[in-house]
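Here's the structure, in structure tokens; my notes come after.
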Protein chains: 2
Amino acid sequence: MKSFIEYMAVELHLEDPKSDYPNICAGTDRYAMYKVGPVLSVSHGMGMPSISIMLHELFKLLHHANCTDVTILRIGTSGGIGLESGTVVITKQSVDATFMPKFEQVILGKTVVRSTDLDTDLAEKLLQCSKELKQFHTVIADTMCTMDFYEGQARLDGAFCSYTEKDKQDYLAKAYASGVRNIEMESLVFAAMCKLSGLKAAVVCVTLLDRQKGDQVSDSHEVLHNLELRPQILVGYFIKSQLGSSGKI
Amino acid sequence: MKSFIEYMAVELHLEDPKSDYPNICAGTDRYAMYKVGPVLSVSHGMGMPSISIMLHELFKLLHHANCTDVTILRIGTSGGIGLESGTVVITKQSVDATFMPKFEQVILGKTVVRSTDLDTDLAEKLLQCSKELKQFHTVIADTMCTMDFYEGQARLDGAFCSYTEKDKQDYLAKAYASGVRNIEMESLVFAAMCKLSGLKAAVVCVTLLDRQKGDQVSDSHEVLHNLELRPQILVGYFIKSQLGSSGKI
């Protein structure tokens, strides 16, 4: 998250060689937060419970800071389905492990179903940015969000595995047929909470492998690091263009 | 996790003034891992998806390292119900937000229900250790594990809240009546995965507040830090006594 703020400081010409960017949330180990100009960058840990804690507290912060016209973007990595590794996926709809666009939130022991709609215009604007950048392939597609990285994503290499390679391939084929092109672990609650808050939101994740071809990333650390930068480059370009057109920088 | 290993090094007389304890998993940002003698200490992030990733990878590591007679202990903090803050709770059963002792794992889009039984003998041994230590009050009771820190635990101070103080109190009273004395976010999948692996497991969490009296901790940082050390002290005493009696140190 700090590296994203350092990157944005350069992109927005806000860098100050004398200044460091402190972790604003250094008093907690829940997450780290950095800021430059109008850009806030926050870590969220792995999985929906972890990101939901951060979002509750971020929304309260934004409210008390009287922030308006907020856009919230999750950037990260994911497993792809039927895509060349390195493809960037802008999420059209976040769906659960049964390919349904809904998030089930348990409140007082009762399940409440929440919508996971994301902002269509924002997704299109991000896709347009990628076309202008011409650095990597980007698609708009559905993202599957799971509670578990191994059994929940049909991996064969976890500590437990009660299914076959064929079962895995059948499941991934069904996901593909339903429109899913990548899998991660946070977008469902992210989309639900942003929707409930009325914030414009998007999910931008690069795929590190094609899950139909395997379960483990095989690229070198250097290649992976370069792939991981792609969502940052795309979102950085978008932020710069938005702030420029709004006269905020 | 590093501080626990530094603490155990002193307790087990294995400290070396010249040596530091490196993070064995420095190559990943998923979690941190430290080791001294036969004790491994691993961070797990917040929530069930996060701890499940670590456990899958830890179990594979223990298997390939030919480790035998492994005991696995989760130590952490929690919200209490009807207990004075600072009470240590050794989990009897981990239950979900409907007070049922079951973990629902989604595999290939289908829900599989797993048992969350923990080791009764181990819990009793830990309670006995607390009696010998005589430093703080410890109980064996049920622990509720939730997917969400705010709405999932009936807090009134999240970004969203669709219920009243009375609804919250009614829910917590029901939890208390069912045997629940504390609430956290990892024990359900921890218990299920340890059970499936045949590992002896226990959950030892200190309560930082009584949720029937409020939603936010009010103690000073210094007091909270001292409370947070209690599970470490109890588990450290237990490990020392076990290793001593087995002739391993």
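Any Cβ shown, glycine's included, is placed from N, Cα and C.
Sequence annotations record features per position, and here TrEMBL assigns phosphate binding site to A:ARG30, A:ARG74, A:ILE75, A:GLY76, A:THR77. Under DSSP, A:ARG30 (phosphate binding site) is assigned to coil, being neither helix nor strand in the three-state scheme.
In the structure as shown, the Cβ atom of A:GLN153 (substrate binding site) sits within 10 Å of 26 other Cβ atoms. TrEMBL lists A:GLN153, A:ARG155 with the feature substrate binding site.
As annotated by TrEMBL, domain 'Nucleoside phosphorylase' applies to A:27-235.
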### Task
Would you count the other CB atoms within 10 A of the CB of A:ILE75 (phosphate binding site), including those on all shown protein chains?
22
### Query
Looking only at DSSP and grouping its letters into three states, which state does A:ARG155 (substrate binding site) belong to?
coil
### Query
Of A:ARG74, A:ILE75, A:GLY76, A:THR77, A:GLN153, listed here as binding-site residues, which sit with their C-beta under 8 angstroms from a C-beta of chain B?
none
### Message
How many Å separate the two farthest-apart Cα atoms among the phosphate-binding residues A:ARG30, A:ARG74, A:ILE75, A:GLY76, A:THR77?
### Response
20
### Summary
If you measure between the CA atoms of A:THR77 (phosphate binding site) and A:GLN153 (substrate binding site) and round to the nearest Å, you get 14
### Task
State the count of C-beta atoms found within 10 angstroms of the C-beta of A:ARG74 (phosphate binding site), not counting that atom itself.
23
### Query
Out of A:ARG30, A:ARG74, A:ILE75, A:GLY76, the binding-site residues in the record, which is closest to A:ARG155 (substrate binding site) when you go by Cα distance?
A:GLY76
